[in-house]
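Per Swiss-Prot, the features are as follows:
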type	residues	note
BINDING	26-33, 52-56, 70-73, 137-140, 164-166	GTP binding site
BINDING	Ser33, Thr54	Mg(2+) binding site
DOMAIN	18-181	domain 'EngB-type G'
Amino acid sequence: MLKFIKSSTKESEWLKNPKNEICFVGRSNVGKSSLINALFKTRVVKVGKTPGKTKLINFFEDERGNSVVDLPGYGYAKLSKEAQSEISDMIFEFLTKRVEIKKLFLLIDSRLGFTPIDQEFYDFLKEAPFEIIIVATKRDKLNQSQTYQIKKSLDELKVKYFLVSITKKEFLQDLVNNLFN
């Protein structure tokens, strides 16, 4: 079970003294909110059909008091350049100043692989003091050859990754087992 704690846009509003904090980040419409709902078997995280729905940093807590953070999506082209910049700045500020983060789950669309903006984001974060785990979503949309290609490209990064289907609820249990350990 997961419960909503608060939303914020600036550091003074962030959740204070979280326990065991994990964060989910990725491009708009990659499935961050849907993945959190699937992993925690809840519907507490608002999911929108339109990209760019999450514009705030949303803090949740599980039944053990662990903190789960749903960050806004980056790179949504239909937002103004100013709005895109504000969201990117908010994400970068959070990820560079937030010392409580234990793990960051970077979501990518497995159909697209690592896009230039995903690569830029990963390059920025790879020296961070927390573990980065790649979650390639929308596995159900891939054929066998495409699945092989995305696995091959992720293997080359030499980083822990999971290839999942949120809609079919496939390959999620291994990810659940890696959330807080």
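Positions of Cβ are set from backbone N, Cα and C atoms, glycine also.
Secondary structure at Gly26 (GTP binding site), as computed by DSSP, is strand. A Cα-Cα distance of 10 Å separates Gly26 (GTP binding site) from Ser33 (Mg(2+) binding site).
Distance between Cα atoms for Ser33 (Mg(2+) binding site) and Pro72 (GTP binding site): 9 Å, as a whole number. Each of the binding-site residues Gly26, Pro72 was scored by the other Cβ atoms within 10 Å of its Cβ; the lowest score goes to Pro72. Taking the domain 'EngB-type G' (18-181) as a whole, pLDDT averages 91 in the prediction.
Cβ neighbour count within 10 Å across all protein chains ranks Ser33 highest among the binding-site residues Asn29, Ser33.
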